[in-house]
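So the structure is just underneath, and the comments pick up after that.
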Amino acid sequence: MTRSFLPYILVAQRLGIAFVTLIIVSFAVFFATAMLPGDVAEILLGQAATPEAVAGLREAMGLDEPALSRFVHWLLGLAQGDMGTSYVNNIEVAELIGGRLLNSLRLAAVVTLVSVPVALTLGICAAMWRGSIFDRLVSLLTIFVVSVPEFMVATLAVLVFAVWLGWLPALSYGVELDSWSAMLRAYAMPVISLSLVVSAQMIRMSRAAVIETINTPYVEMALLKGASLSRMVLRHALPNALGPIANAVALSLSYLVGGVIIVETIFNYPGVAKLMVDAVSTRDLPLIQSCAMIFCVSYLSLITLADLIAILSNPRLR
Amino acid sequence: MADTVSHTLSEDKAPEGPKFVFNWVGRIGLAVIVFWAIVAIAGPFLAPHPPGEIVDWDYFGPVTSEFWMGTDYLGRDIFSRIIMGARYTVGIALAAVTLACTIGVLLGMIAAVAGGWFDMILSRLLDAFNGIPSLLFGLVVVAAVGSSIPILIMTLTAIYMPGSYRFARALAVNINTMDFVTVARARGEATPYLILREIFPNILGPVLADLGLRFVFIVLVLSGLSFLGLGVQPPNADWGALVRENIEGLSLGAPAVVFPSIAIASLTISVNMFIDNLPTLIRDRSE
């Protein structure tokens, strides 16, 4: 086995682990929702149902089959894009999710576009002027954002931008998106809150990545031979920190998954997370399962992507 | 044996001064943690009004001399409700983190000492659990079995146990290769002895620091769940539920939203401050 193959083997290994993880995760999601609550048919028909009606529905839904075969059916269906039918209103789950998913992806994309450049700039600058007032201020703020719940960041954002400054509507309940400015205003609060949550992580991690490279002897050498601070960081340290930084970006973006659940609920944003929280209150299991799988898949892909970047950007493996 | 080794280690790390020195940031953090612990224990004696009783007909009332933190959306005293909420937030999080770390650390040490198939299968399985976003896991479980305090504790334990396992296993694997463990094994000591007397004392410091950070994560997820209405159920309320109940008062800038948020932030930030400023002697003993 030559060294040049090593990264590919590691990548294949990592993808294999991701696949196995996905199977186990879907197993967990299916059994947490489908096994525990007892009888779905009874829940659906309500208290007044006759035993015959319950038995009939059980048979029609295939609930009499062993759990394992139902799991395999469900997983195969999911792989082919068949997400089942909602219990509550008999609409195809895929249809319910479709538009909502687009909304959530749009939110995630805008947040990524806003937070990545801002966070990287702040993180690299903080690392460059380590120990300065600016660095301490940034560190303090990011520690604050990281250690409070997401809903508090959103609440604070509302308090500052809507209540005190009065720039934006507090909670965009049922705003009609008929004009540019209306849409901008409806998007602004969710985007601001989510960006804050995601960037805090990203700033901390990219700062740490750059500092780690600055501490290496070759960067010290650059400083000793007379390179300026910005040249030392941007020209000498940054290229080698790019891998860890990209890794940090992907990892931080996985915080979107948790953050989006809270933020969509607070701002009543019509995305998948809001759909799922609503489905939890109506106990619409197929809808919950599908939404949960969407989140798990995005979370897993981001984590796997982070690991792949770390593997591929490590020149020692080439 | 383990004692003498840890003794020489501690002499290497901290050649002068007393053993545990906290700087002032760590002390402030510790003070706030102790404060909330006392509030959680002595809650009913401290609350000036019954937490569930409507004491003021003016909802979202301002801060007055009678209602120190204003009143909530029904006119209940926020100060008393925050004091009682401390019991739920601190109590549930503490129970969950204790369970998670006990199980995780025990399994981690066993896996490190046993090795082989047991280690591999357990590690893969628990790593897969880490692939589920924590808030989502809570959502799914609550959707399936409903929300009650034992279920919340078990769910939070299940979410944070794998991380604790991974952490303890990594530390224990390092210790397991050290000479004093080899000597003990050669002496013919049984596996339980190795785990409890040789390995455990040497990973205790970092494990406790990890427990503190995990406590913060659990408080955050618990508050998040309660905020979504899936955590502690009314009429009881932890701090996350208090924020949710009064979120309508946000546009009025009501103190009923602000103070529970401050309570959560003060707890999580002070635990972070305390852990970040632990003497390196405790934190990095294994390195």
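For all residues, glycine too, the Cβ spot is worked out from N, Cα and C.
Since this is a predicted model, take the numbers as computed values, not measurements.
What TrEMBL records for this protein:
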- A:101-306: domain 'ABC transmembrane type-1' (DOMAIN)
- A:12-36: transmembrane segment (TRANSMEM)
- A:107-129: transmembrane segment (TRANSMEM)
- A:141-167: transmembrane segment (TRANSMEM)
- A:179-198: transmembrane segment (TRANSMEM)
- A:241-267: transmembrane segment (TRANSMEM)
- A:287-312: transmembrane segment (TRANSMEM)
If I count Cβ-Cβ pairs under 8 A between the transmembrane segment (A:141-167) and each of A:107-129, A:241-267, A:287-312, which range comes out on top?
A:241-267
For the transmembrane segment (A:287-312), what are the same-chain contacts with Cβ under 8 Å, counting residues 6+ beyond its ends?
7, 10-11, 14-15, 18, 21-22, 25-26, 29-30, 33-34, 74, 78, 83-84, 86-88, 93-94, 96-97, 101, 243-244, 246-248, 250-251, 253-254, 256-257, 261, 272-273, 275-276, 279-280
Under 8 Å Cβ-Cβ from the transmembrane segment (A:12-36), and at least six residues away from its ends along the same chain, one finds 67, 70-71, 74-75, 78, 285, 288-289, 292-293, 296-297, 300-301, 304, 307-308, 311
